[in-house]
Amino acid sequence: MNQMTPPAQPDPALPPAVSVRGLRKRYGKLEVLKGINFDAHRGEVVSILGSSGSGKSTLLRCINMLEIPEAGTVTVDGTEIALVTRRDGGRRPADPRAMDQLRARIGMVFQDFNLWSHKTVLGNVIEAPTHVQKRPRAECIAEARALLDKVGIADKADQYPSRLSGGQQQRAAIARALAMNPAVMLFDEPTSALDPELVGEVLRVIRALAEEGRTMLIVTHEVSFARDISDTVVFMNDGVIEESGPPEEVFAAGNNTRLARFVEG
Amino acid sequence: MDFEFLSQTFVALLPGIPVTLELATLSLMLGAGLALAFAVVRVRRLRPLNWLVIGYVYVFRGTPLLVQLFIIYYGLAQFPEIRSSFAWTYLREPYWCALLALALNTAAYGSEILRGALLSVPRGQIMAAQACGMSGFLLFRRIVFPIALRQALPAYGNEFILMIKATSLASLVTLADVTGIAARIIAETYRPVEVFVAAGTIYLAISYGLILLVRVAETRLNPDRRDPAPVAGVGAARKEVTP
Ligand SMILES: Nc1ncnc2c1ncn2[C@@H]1O[C@H](COP(=O)(O)OP(=O)(O)OP(=O)(O)O)[C@@H](O)[C@H]1O
Ligand SMILES: [Mg+2]
């Protein structure tokens, strides 16, 4: 990293960066989230583990309302995302503009990168700062270059995503999310689509962000990485949080057989 | 073949070129605008407009352009409401009838091309934009439309060329485009082969120019495909050093 900041400690005195209460989500008959409660404090790194289909991605997508939960509340940085009930029983955001503003404060990094294919790496990073936050272009470009340098792909700024390796694309996607200076970063299996030899470069960037004291929720299958960098580990199973706490407690032997089986792979 | 006559004919056809080009350009611009509107209606399933557009596309793709042109040119005059309306100042002119028929026809084909292109925009890229706080027109203008356009361009370029050739039907409602002038010369000289060879050459040249234009546009819109991509690779990535 360019500037070394002392590792920040999560601060439970402040209101949580993310607070989820009674969250429920179903797809048709399938209930994917069955009442989720948790808080992520400022500066806290939360890893979310769980078997495939346990609802981890759905949980992240509900936090920034890419999926609208049927019940429950999500509060980000003190602002609750207001939902109103539609006539057909589903819910929708009460104020779409407020939702956009809130989403702009939540950075999201996807499993398959999802960089915009018609823009260069630099174009990807400055897109939302210039058009959503409407900040001066020159300032955004300068910041974007610094971020690309930070994630180690400064030399790729003018390349198109299709010319980058998976690891480089994911680091560009991380820079794109950081450019909005989000209150919280959501990572959905950021290394799952990568060849094994490219995983390390992305994990290094995420680790550096953790050491900077950024608030992050990370869905991952990299158990030892999660154990290493997390303040809190959450284990999801079948739509509920089964275990949650500091890694050394959650991973303590004999604690939860399902978790033990998951850790062993 | 009489080359002197051929070159004379060629020169005589030149005044038709601006008419042909203007007809093609205007109908394509008008048609593309309509096509985009129709495509958005279809993709977003805006009812009841959606049903209207489906019917419209079905009718205009399912009937010959010539029939559409004749219905507009001969048919509209039978409605007193139209004859007494302001639109009649245009619709009595063969030029505007031809333009209207061409534009409505290409709008039907174009809307299907654009609909397919809009549907092909990867869901993940849209989600990434929404996650950054983009929505509505901003999301469409900055992300969805540019990606769709790149997807649509090859097929739409084909539509451009079809339309250049379709303008020749306008000669049947008395327009003096390249084909219209050619028909008149044939009537005067009874030498169809030379005249059509000259006319065909002109269409060929226009189409060639258009193909070049579309290719330039494609290269400009897809700088990443300009030359063969190096294998996006493991090898290159390994040399990277993360600070
Ligand atoms: N859009 C959708 N429509 C219908 N069902 C869905 C949809 N998205 C997810 N599901 C279902 O919801 C369940 C939970 O999905 P989710 O993607 O949240 O799991 P996950 O924990 O992220 O799994 P993985 O580790 O495989 O990514 C799965 O059974 C999945 O099939
Ligand atoms: Mg998932």
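Every residue gets a Cβ built from N, Cα and C, even glycine.
Here TrEMBL flags B:17-214 as domain 'ABC transmembrane type-1'. Summarising the annotation, TrEMBL assigns transmembrane segment to B:20-41, B:53-75, B:95-114, B:126-148, B:160-183, B:195-217.
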Range from B:20-41, B:126-148, B:195-217 with most C-beta pairs under 8 A to the transmembrane segment (B:95-114): B:20-41
Within-chain partners of the transmembrane segment (B:195-217) [C-beta distance under 8 Å, separation at least 6 from its ends]: 1, 6, 9-10, 13, 16-17, 20-21, 153-154, 157, 160-161, 164-165, 168, 178-179, 182, 185-186, 189
Chain residues in Cβ proximity to the transmembrane segment (B:20-41) (below 8 Å; excluding those fewer than six residues from its ends, i.e. six or more beyond): 49-50, 53, 56-57, 95, 98-99, 102-115, 117-118, 156, 159-160, 163-164, 167-168, 170, 175, 177-179, 206
